[in-house]
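> Pasting the relevant annotations from Swiss-Prot:
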- 18-188: domain 'FAD-binding PCMH-type' (DOMAIN)
- Arg165: active site (ACT_SITE)
- Ser234: active site, proton donor (ACT_SITE)
- Glu330: active site (ACT_SITE)
Amino acid sequence: MIHIQHQVQLKPFNTLNLDVVASHYIKVQSVNELIEALDYAEQQQLNALILSGGSNMLLPQSLDALVLHIDIQGLEMIDEDSESVKIKVGGGQIWHDFVLMTTQKGWYGLQNLALIPGLVGASPVQNIGAYGVEVGEFIELVHVYDRSEKSVKTISCADCKFAYRHSIFKDEPYRYIITHVTFKLFKTPNLKLSYGDLLKAVGNEQTPENLQKQVIQIRESKLPNPKEYPNVGSFFKNPVISRQDFNQLLTEFPLIPHYPQPHDRVKIAAGWLIDQAGWKGKRLGAVGMFEKQALVLVNYANATLIDVQHTYRHVQSDIQQKFKLRLEPEPVLFGSNGLILSHME
């Protein structure tokens, strides 16, 4: 049985701590409740906005929509052998807590992704990644409610079309609602230590437990705690450009940090670009780029969505002018009707 609330303050439910009031709100704790809530939205002619951990969203001050807050819990062992486990996890589980649990159980693969904010159900949407690992590498199935077909279904890893910060769930944002995710994790560790200072930090103690510990320490040293400095983590994607364009850039900026990608492309460190453009630690009113990590936009003092847009567009403009590169924001921008807007609107 669903419980419908009205004029609900969403400030506690978005990590940027934006002041947002939703006209309608339902906490969803099962697939049946989700279906019932969607039927209600259809009857009331309301758009349904899916709220997960609120760590990748830019919301307006007023939402005339039905906010569905996904809080589906649970963990089920699907299969286990001597080499691996397959586990089905509720979309409402806190991502970091889930990663800690897998390490404690001796299930390996996700340690590089520790301390990423948000919930399990949101992890496939933008194929979350950090320190050389992406979650899509360990996803077996994504369990969804298909709003077009009005049915529950599973989507294989291959059909998720995972790419850098991308998936089919971004291509069709209104079609699928993720309820559970099935992961395949391994009992023998295969540590990925090639990214940045991770190898140095891990040192001689090359264990999954120490890897996770060092990832957490590195993130805590560079990234502000959203409870102290409201933020959505990395605000901009790292640009991926052609080798030809990169070589031209390298002649003018020989120290630019970069990472080879498939198909003769190169990923550029967006944080370095922002730092070089003078934005690290710089503020415009209530919003600024964090002093320890230029890639993180922070709400310092009760900022509104308009304040956030004003700041990140200034950053985009300066990067475009200096490097001839366009930075694309990671978080999704929503309009007052609960539908996704272009970042440039």
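Cβ atoms here come from the backbone N, Cα and C positions, even for glycine.
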> Counting Cβ neighbours within 10 Å across all chains shown, tell me which of the active-site residues Arg165, Ser234 comes out on top.
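Buried the deepest by this measure is Ser234.
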> Please report the Cα separation of Glu330 (active site) and Ser234 (active site, proton donor) in Å, rounded to an integer.
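Pair distance, Cα basis, whole Å: 7 Å.
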> How many whole Å apart are the CA atoms of Arg165 (active site) and Ser234 (active site, proton donor)?
11
> Let me check the 10 A CB neighbour count of Glu330 (active site). How many other CB atoms are there?
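Counting Cβ neighbours of Glu330 (active site) within 10 Å gives 21.
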> Tell me, by DSSP, whether Ser234 (active site, proton donor) is helix, strand or coil?
strand
> For Glu330 (active site), which of the three DSSP-derived states applies: helix, strand, or coil?
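DSSP call for Glu330 (active site): coil, neither helix nor strand.
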